[in-house]
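In what follows, a structure is listed as structure tokens, so that the remarks can point back to it.
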Amino acid sequence: MRVLAAMSGGVDSSVAAARMVDAGHDVVGVHLALSTAPGTLRTGSRGCCSKEDASDARRVADVLGIPFYVWDFAEKFQADVIDEFLSAYARGETPNPCVTCNQKIKFSALSAKAVALGFDAVATGHYARLSGGRLRRAVDKDKDQSYVLAVLSAEQLRHAAFPIGDTPKPQIREEAARRGLAVAEKPDSHDICFIPSGNTRAFLGERIGVRRGAVVDADGTVLAEHDGVHGFTIGQRKGLGIAGPGPDGRPRYVTAIDADTATVRVGEASDLDVREMLGRAVVFTSGTAPSGPFECAVQVRAHGETADAVAELVGDELVVRLRAPLRGVAPGQTLALYRRDPDGDEVLGSATIAGTSR
């Protein structure tokens, strides 16, 4: 099998590439250049997508004895990931750019180019498992990345390979060291790769600009003014610009954002509880939608807990009714659907949260 190994320069993708070589596949390594603008992406070992990371990936490819290329995806990354990230926050939503990158860059643009060049699969260092076309959680629950892959279609998964999903992260580092890979102890990246400072609020403010509005309580009383709804997300407690807790002494949280009126509403923690979610841009990883209501477990954050629910496709929207309230759900978040399984929860699909109700 001809395999294109996506190599970020980190330990996970390096071991993934090595395992594909060991399996006897015809492997070619590729690093994605996602920006040419100074200061746009992280540099050094703290993040991904830098020149240093490209060099690390090349050195690993040399050790493995495979061809290596750097492909320029900067323009598409800007349009499909960064610009959409900015637009979503301007709409008062809370997107996950890693989800968007997987859906539109790694397993769409990159995968399409790979297939056009005669490759059978794109292998990445994601912590997830594929078995019989079914996407499952990784063995290492703490590192599991199935959530950010739940947006992938059956066709996208058909050309994907996740060689390290059956191994805990500490063992991946040990394996890299045994193989003599210099990235064995390279730190993991945790922040958004295109925000060098790690300050998302400042990044958004510089690019979206000022659109002043009001912070109000449940009664509509104006508590403060703000410079733009992009500085807030549902469940936020700090940085609200208001003078301390409510009259009853309880902390106040962002409970709703109206981008049309630039209004941010705050309330108590209990106001964050939701029992129903509405999803758009629905994807079922099998390629076939269930014919009626179905039991599932849902997850709304990359490393969040799952909650039992009943979901149903109504037209082109997904209605999800929770068995118990879920707190702090924000429009724009990815809603991943799972089928519980002791051998590793299976991903059923996903949707983008369009609205919630209590």
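Keep in mind that glycine also has a Cβ here, set from the backbone N, Cα and C atoms.
The annotation ATP binding site is assigned in Swiss-Prot to Ala6, Met7, Ser8, Gly9, Gly10, Val11, Asp12, Ser13, Leu32, Gly125 on the grounds of sequence analysis.
Residues or ranges marked as active site, nucleophile by Swiss-Prot: Cys101. The number of other Cβ atoms within 10 Å of the Cβ belonging to Cys101 (active site, nucleophile), over all protein chains shown, comes to 24.
As annotated by Swiss-Prot, disulfide bond applies to Cys101-Cys193, with the evidence given as sequence analysis. The secondary structure of Cys101 (active site, nucleophile), as reduced to three states from DSSP, is helical.
His126 (site 'Interaction with tRNA') falls outside any helix or strand according to DSSP and counts as coil. Long-range Cβ contacts of His126 (site 'Interaction with tRNA') within its own chain (separation 6+, distance under 8 Å): Asp12, Gln145, Val148, Leu149, Phe162, Ile164, Gly165. Summarising the annotation, Swiss-Prot assigns site 'Interaction with tRNA' to His126 (among others).
The local packing around Cys193 (disulfide bond), expressed as other Cβ atoms within 10 Å of its Cβ over all shown chains, amounts to 22. Residues or ranges marked as active site, cysteine persulfide intermediate in Swiss-Prot: Cys193.
For Gln333 (site 'Interaction with tRNA'), the same-chain residues that are 6 or more apart in sequence and have a Cβ closer than 8 Å to its Cβ are Glu93, Thr94, Pro95, Asn96, Val300, Arg301, Thr352, Ile353. Among the features that Swiss-Prot reports, site 'Interaction with tRNA' is placed at Gln333 (among others), with the record citing sequence analysis.
Of all Cα pairs drawn from Ala6, Met7, Ser8, Gly9, Gly10, Val11, Asp12, Ser13, Leu32, Gly125, which the record names as binding ATP, the longest spans 16 Å.
Cα of Cys193 (disulfide bond) to Cα of Ala6 (ATP binding site): a distance of 16 Å.
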